[in-house]
Every structure is written in C-alpha cells, then in structure tokens.
Amino acid sequence: MEKAGGSPSVGGSYPQKNAEILSSQYGINLFLAGLLLTFAWAVHAVGISKSHLLSYLITLMLIQLLWMLWYLCRSCTQRRLIRDKDTHAGARWLKCGITLFAVITLILDSFKIGYYIDFSNCLSPTEGIFPVTHAVHTILQVYFLWCHAKDIIQSFKTLERFGVIHSVFTNLLLWTNGVLTESKHQLNEHKERLITLGFGNITIVLDDHAPQCNCTTTTLCSIFSQGIYYLYPFNIEYHILASTMLYVLWKNIGRKVEHHQQHKTPFKFHGITVGMIFGLIVLTSTIAIVVVYLIQIGRSKIKSELALTMFYLHAIFVLALMCTAGIVALLIYRLEDRSLDNSKNPARKLDAELLVGTAAGSWLLSWGSILAIICAQAHPKYTWYNLPYSVLVIIEKYIQNLFIIESIHREQEKVNDDIKTLRIVTISRGSTLSLAASYKEIYNGRVTRDSREGPCLFQGSTSGRENNGGAGAKEEMSQENSLVMHSASDLSFYSRNPVTNNKRRILKNIAAFLFLCNLSLWIPPAFGCRPEYDNGLEEIVFGFEPWIIVVNLAMPFSIFYRMHSAASLFEVNCKT
C-alpha cells in the first residue's frame, strides 16, 4: 500500500524510516531517564527514594500492558488473515526457556509480596504494588511472546513501533533494577569476605537499604529475604531474553520476507552421547565446586584461599577443554567447502552482535585482573592462578564466538539436484512410462508396496496389472520393487557419505559439550561465586570503589553471555 511504483517506493518507505528513528529515540530517552532514577536511588540522592523508582517502573509496565492487550484484541479480530512470519525468530526452545525463567520470576514476586506483608509497617505501598504488577506483566508478556514473537507487522506500523520499543526498554530497565538490587546484596557479602582474607584496610560502609523496622514473623522474613536473592539470576535472564525477542519483533515491523519454507530441525540426543557425557561431568563438578566455594569462602583466611585456588584450577581445566573443542570444530569447518547464508535475518544478526558485545564484559574483567597481577607489589599464592584463568577466558570467548557465528551463518547441506528426484522407467506392455518420486519419500521408506495406498510411483503400472492379470502384475511389481530398492540404496550411498557423517557427528558432540559447559560457567557468577570480588588483588591496584564499579558494570554482561552462548549452541546443535 505504501509502494505505488518505482520511485514512490522510496518515498513510501521514508515515513516508516522516520518512525523507526523516532521510536528508537523515544526508547533510549525512556531508558536513560529510568537509568538515572535508578542511579540516584542507589547513591541516596536527595529527594529520590525507592518509591519514586518503583512508581516509574510500575507506570512503564502498565503502559506496556495496555499496548499488549490492544495488540492481542486486534489480532483476535483479524485472526483469519494470513500474516507473514519470521521463521527464524521465537524458536520453540527459546520460548520454553523464557517460560521457565518466567515461572521462577513469579515465585520471586510471591516472595516479594510476602516480604512486603511482613515489613508493611515501614515499607512504601509501591513495594507491595510493584510485585503484583510485575507478576501480571510477566504472565501476559510470556503469552504475548508465545503467540506473536514471529509476527511481521504490516498494519499500524508507526504505532506498533512505539509500543514494541517501549516494551524493549521497559524490560531493560527491569533487568537493570534486578542487577542493581542483586549487586548490592553481593557487595555486602564481598566486604565481609575481603576482611577474612586480610584486607582489613577497606572501611567503606555499604548500605543495602534494609527496612527500618522489625519483622512481624522472623522465620518467614529470613526465608523471603534469602530466597529473593537466590532467585534474582533467573529474573535477570528472563528480562534480558524478553527484551531481545521484542527487539527482533521491532526490527521485523514492515519487513518484506522471502516466502520459502524453513526446515524444522528438532533437537535429537542421537549421536551426541560423548559430548553429553563430558558436558554432564563438567556440569556436575561445577555445581560441587560452587557449593564448596560458597561454604568455605569467608570462613577463614586459609579456607578462603583454598576455595579460590580450587575455583581457578577447575575453571582453567574447563576453559582449556572448551578452547580445544572450539579449535577442532573450526578446523573441520576449514576442511569443508560450504557457502555462508548472507540473507537478511534480524534474529541471527542480533545473536552475533550480542555474543561479541556481551563478551566484552568478561574481557574487561580479565584484562583488569591481568594488569593487577602484573602491577601488584605483593602476590598471594592463589592470585597466580588468576593469570592463566584470565588469559583463557579471553581466548575461549574469542574461539567460541567465531565457531558460533560461523555455524549460524552456514547454509544447511543440500542434496544434489540429480539425487533429489528419482526417475524410474517402467516398461509395461511395450510402452515406456516416466514416473517421479520424491527423494524424501523413498529415502524415508515411505514408498509402499500397496498399489492402492502408494504414491503416483506405482499408479501407472497398477492400471496395467489390472488389465494384464495376476501373474503379470506380480512380475511387474517384483521388477519395480527391485528397481526402487536399487535406486534407494544408490541414494543412501550418495547422501550418507561416511566422512561427512563423521564430521557432522563430531560437530554435534562439540556443540553439545560447549552447550553444557556454558551452562556450567553461568552457574558460579549467577549464584555468588565471583572471584573477581573475592581475591582482593584488583581492589589494591585499582582501588576499592573503581574496581567495584567495573565489576558491577561488566558482570551482568558476562553472566548473560554464558546463557546466550548456551542458547546459540543449542541452535547450532539442532542445525548441524
């Protein structure tokens, strides 16, 4: 409708480009205002309280709820219309993942409601309204993403751009709020651990904005307050996943897609036993390391040093294995001659940008640790393990990013055109009939011997058998079956080359292994096992406050990188 011909197409797209620019600027200003409000609350700015921040977030969520309800109602009235879909966006496994995080987020909201009830005498009403609004927002948003994450919006495009980008930055602000709240809790524990390691000259007092009144039920308050911080990592992942899915929806507004069917590639455990076994060993050992670390750190100087040493040695071993696996996968790719898919794909482009962008968080921390080790005057024994650990973090992410980005851009293997269609020549009563059966039907064994149920492959000769008698029919059937089986065996020979199959099996095992390794490396920082906080060397070199600021800025990206890498590797495994 916006394109009327050759030159008008340019003018027709111009208002939509303006709408895209205006909506993005609206979203950025929305985010910056919330970011400054969050920062002002964190540093106890005069006249800014937590109720102001929560009121702002509640308002944003209510606006998004109204937009989502309007979109859902409009979609119901137009459900009979055929709509374009982005087959690459909103994969089922991604929806299942965000649903899992959303369920845990709802548990977190219920804990916050209980916490507010117990401290209701001294907490603002907004602290009770916020978790209720957030729970409703979470339920409706997950339903919206399940139903409409693949949509390519072609009507009310200007209005929809503002609605979607509002949703993107609302989730980013909720993510920021969760990161800040969780970080403040980690900092209080961090200061206590540094004192046990002998860094007693750190005198900064950290405030966690605790309520200034007594709890009505002490036991429940303890459960709620401790449980909230263990559930925050899942809430943080939920909001960042939601914002990325909504961003892809925003980029797809008004997009014209090629109408070709994407082959569904479900996840299968067949052929990845080795990768799964080694990955599960890494996952199990990592959980054990985290449990021991959290128990031992802060108990005494000796126990804290042993916990740090144990963490570094385990991480060095895992990262070395991951580097080796990534190099092997890249070498296999170098031996193959397959073109890359350079078609426009917002979801794939965003995946690649997030991998490199969020990896920068870990690289920043690693380079800070390397400089601290080089410049420090005194080196406790356990800090030397930090050097190979930091170097391997940089190398491993570099290799893994290259492997994942190349994998998601590689075109899937295609069967040769001469093999896709089998032409079978059947001689019946002196006449030659050329028939065709699809490669998929024959290869999967779907060509049946029953002439009444079979495809067109046997229909021509069936009519001949009916006129020629039983004996001739059996002889023809025997000849046809032998010809089909011979052709199918030839096809299997071409399509299942042993060398190609072995390469594919190795790549699938590597992807499965790296998938579980990334899940394993997500667990320690997400649940408080953070040696960047606890070894104390960086604080001496850079100063306590500067290094804490760096860690608080970089750590959320580092945590997200591992979860996003695991999701991307899951997709690579399905695609390989």
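Each residue's number is its place along the chain shown, starting with 1.
Cβ coordinates are placed from backbone N, Cα and C, and glycine is handled just like the others.
These come from TrEMBL:
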TRANSMEM  26-47  transmembrane segment
TRANSMEM  53-72  transmembrane segment
TRANSMEM  93-117  transmembrane segment
TRANSMEM  129-146  transmembrane segment
TRANSMEM  229-250  transmembrane segment
TRANSMEM  271-295  transmembrane segment
TRANSMEM  311-333  transmembrane segment
TRANSMEM  354-379  transmembrane segment
TRANSMEM  506-528  transmembrane segment
TRANSMEM  540-561  transmembrane segment
So, taking each listed stretch (93-117, 229-250, 271-295, 540-561) in turn and counting its Cβ pairs to the transmembrane segment (354-379) that are under 8 angstroms, which one gives the highest count?
540-561
Suppose I define contact as three or more CB-CB distances under 8 A, residues 6 or more apart in sequence; do the transmembrane segment (540-561) and the transmembrane segment (93-117) meet it?
no
Per the 3+ Cβ pairs under 8 Å rule, pairs at least 6 apart in sequence, do the transmembrane segment (271-295) and the transmembrane segment (53-72) touch?
no
Take the transmembrane segment (129-146) and find every residue of the same chain, 6 or more past its ends, with a Cβ under 8 Å from one of its Cβ atoms.
54, 57-58, 61-62, 64-65, 68-69, 71-72, 90, 95, 98-99, 102, 105-106, 108-110, 112-113, 116, 167, 174, 238, 242, 245-246
Could you give the residue numbers and ranges of same-chain residues that sit at least 6 residues beyond the transmembrane segment (311-333) on either side and whose C-beta is under 8 angstroms from one of its C-beta atoms?
278, 282, 285-286, 289, 293, 382, 385-386, 388-389, 392-393, 395-396, 399-400, 402-403, 406, 410, 503, 506-507, 510-511, 513-514, 517, 520-521, 524, 529, 531
The transmembrane segment (229-250): which same-chain residues, six or more beyond its ends, come within Cβ distance under 8 Å?
23, 86, 89-90, 94, 97-98, 100-102, 104-105, 107-108, 111, 138, 141, 145, 148-149, 151, 153, 161, 164-165, 167-169, 171-172, 174-175, 178-179, 181-182, 185, 346-347, 350, 354, 526-527, 556, 559-560, 563
